[in-house]
Amino acid sequence: MSTLYDGIAELVTNDPAQGDGTALGVISDGAILVEGEVIAWVGRQVDAPAAAQRVDCGGVGVIPGFVDSHAHLVFAGERSAEFAARMAGLPYAAGGIATTVAATRQADTATLTAGVGRLAGELLAAGVTTFESKSGYGLNVADESRSLVVAREFTSETTFLGAHVVPAEYRDNRDAYVELVTGPMLEACAPYARWIDVFCDRGAFDVDESRAILTAGRAAGLQLRVHAGQLGPSGGIQMAVQMGAASVDHCTFATDADIEAMAAGDTVATLLPGAEFSTRAPWPDARRMIEAGVTVAIATDCNPGSSFTTSMPFCIAVGVRDMNFTPAEALWAATAGGAAALRRDDIGVLAPGKRADFVCLDAPSYIHLAYRPGVPLIRTVVRGGQRV
Ligand code: NIG
Ligand code: FE
């Protein structure tokens with residue numbers, strides 16, 4: 001069954017071969033032909049091929065579905081009091097993670113599954129058609145593997161983050177925890193994960209520990225992603241590039257040398273505007289990274305501590321306002337950039353053969369995502385060719 005979506009005033013394809021020839025490949029008065037789960041054709045509406053059925057988008061803007069390459073959705077409880085204390089002046093530190101670990105270990109699996117389901121629904125309503133989710137609030141063999149089994153019900157982009165922090169019971173024996181993460185925990189978790197991640201930062205894991213954990217993960221068949229440079233410069237960003245990680249995330253305290261390394265390597269810098277917003281951290285400068293030649297993604301970092309948002313439009317607006325993205329760069333970062341951070345070439349671009357994942361906006365242009373902050377502009381979400 002083929003469906004032609006037309007009446008698209010401004011169609012962002014992320015295919016520079018299309019339309020205006022910019023990175024966004026913007027086609028005016030465009031149309032998309034969908035066959036099953038994939039795109040069969042995109043172009044000007046006047047050139048559209050015949051289709052079995054037609055959907056008139058009503059003269060709005062259409063963009064690729066957002067790709068959220070960084071989220072922590074499997075957890076129990078919430079930390080609003082910690083947020084309020086921070087807004088009253090307390091600094092953010094990795095220590096708050098322990099609160100969520102305690103709640104997550106106590107929760108039954110149905111509660112964890114319902115929590116992920118609720119957040120996955122919020123992401124979809126916000127236009128996110130692909131998302132990643134990490135473990136990292138179990139921090140023992142049973143609860144880390146259980147977290148990944150739960151995440152797997154909702155996404156194939158699952159990430160083992162046993163190295164989120166050292167849990168309290170190993171505080172005086174860090175080496176034993178690293179042995180657990182690289183041994184029995186990895187063995188139990190690898191079957192349910194595509195990725196391994198490590199929080200390489202002050203109060204979490206140092207560069208040597210992180211390297212050992214990533215090396216073990218790779219040997220177990222997982223691909224690499226890294227949290228680094230959130231709380232201070234740690235050496236984690238350059239370590240991630242050296243290890244060939246797909247993405248290094250946060251980069252709040254990226255140095256010139258870090259940016260140079262990212263530009264020379266093929267590790268994406270994933271910026272997380274919700275985290276700087278919710279922890280009152282300094283803003284990383286996306287402009288500096290993009291101009292240096294770094295591939296930059298935007299993700300929500302949805303988690304109960306540092307960034308409890310599922311709204312990619314909010315992250316885009318903050319990215320534009322405070323991280324010096326242009327609206328075009330921010331949209332690219334939240335779609336094609338996220339796809340690059342997940343090393344996916346089937347999503348993030350609207351072109352023949354790609355997955356039919358796109359969003360009809362309640363606005364004539366994608367610029368409104370930043371221009372009208374906080375306004376719900378996601379009208380219709382099409383995922384795998386299905387309106388959801
Ligand atoms: O990405 N940085 C480490 N992990 C999360 C925060 C987790 C938490 O505070 O619960 C992050 O910001
Ligand atoms: Fe994170």
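Cβ coordinates are placed from backbone N, Cα and C, and glycine is handled just like the others.
Per TrEMBL, the features are:
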DOMAIN    62-372  domain 'Amidohydrolase-related'
BINDING   HIS70, HIS72, HIS227, ASP301  Zn(2+) binding site
BINDING   HIS70, HIS72, HIS227, ASP301  Fe(3+) binding site
BINDING   ARG79, TYR137, HIS164, GLN230, SER306  4-imidazolone-5-propanoate binding site
BINDING   TYR137, ASN303, GLY305  N-formimidoyl-L-glutamate binding site
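A Cβ distance below 6 Å to any atom of ligand 1 is met, among the binding-site residues HIS70, HIS227, ASN303, by HIS227, ASN303. The binding-site residues near ligand 2, defined by a Cβ under 6 Å from one of its atoms, are ASP301, chosen from ARG79, TYR137, HIS164, GLN230, ASP301, GLY305.
Using a 10 Å Cα-Cα cut-off around TYR137 (4-imidazolone-5-propanoate binding site), the binding-site residues HIS70, HIS72, HIS227, ASP301, GLY305 reduce to HIS72. Each of the binding-site residues HIS70, HIS72, ARG79, HIS164, HIS227 was scored by the other Cβ atoms within 10 Å of its Cβ; the lowest score goes to ARG79. Apart from the site residues HIS70, HIS72, HIS227, ASP301, the chain places the Cβ of ALA71, LYS134, ASP197, ASP249, HIS250, LEU272, ALA275, ALA299, CYS302, ASN303, SER307 no farther than 8 Å from the centroid of the site's Cβ atoms, the recorded Zn(2+) location.
ASN303 (N-formimidoyl-L-glutamate binding site) has HIS72 nearby among the binding-site residues HIS72, HIS164, HIS227, counting only those with a Cα within 10 angstroms of its own Cα. The average pLDDT for the domain 'Amidohydrolase-related' (62-372) in the predicted structure is 98. Listed in sequence order, the residues of the same chain lying 6 or more apart from SER306 (4-imidazolone-5-propanoate binding site) and placing their CB within less than 8 Å of its CB are TYR92, GLY96, GLN230, GLY274, ALA275, SER278, THR279.
Within 10 Å of the Cα of HIS164 (4-imidazolone-5-propanoate binding site), the following binding-site residues from the list HIS70, HIS72, HIS227, ASP301, GLY305 place their own Cα: HIS227. Proximity of GLY305 (N-formimidoyl-L-glutamate binding site) to non-local residues of its own chain (separation of 6 or more, Cβ distance below 8 Å) is seen for ARG79, GLU82, TYR92, GLY96, ILE97, THR99, THR100, given in sequence order. DSSP assigns ARG79 (4-imidazolone-5-propanoate binding site) to coil in the three-state reduction, placing it in neither a helix nor a strand. Same-chain residues with CB within 8 A of the center of the TYR137, ASN303, GLY305 CB atoms, the N-formimidoyl-L-glutamate site residues themselves not counted, are HIS72, PHE75, ARG79, GLY96, ILE97, THR100, GLY136, PRO304, SER306. Spanning the residues ARG79, TYR137, HIS164, GLN230, SER306 that the record associates with binding 4-imidazolone-5-propanoate, the maximal Cα-Cα distance equals 19 Å.
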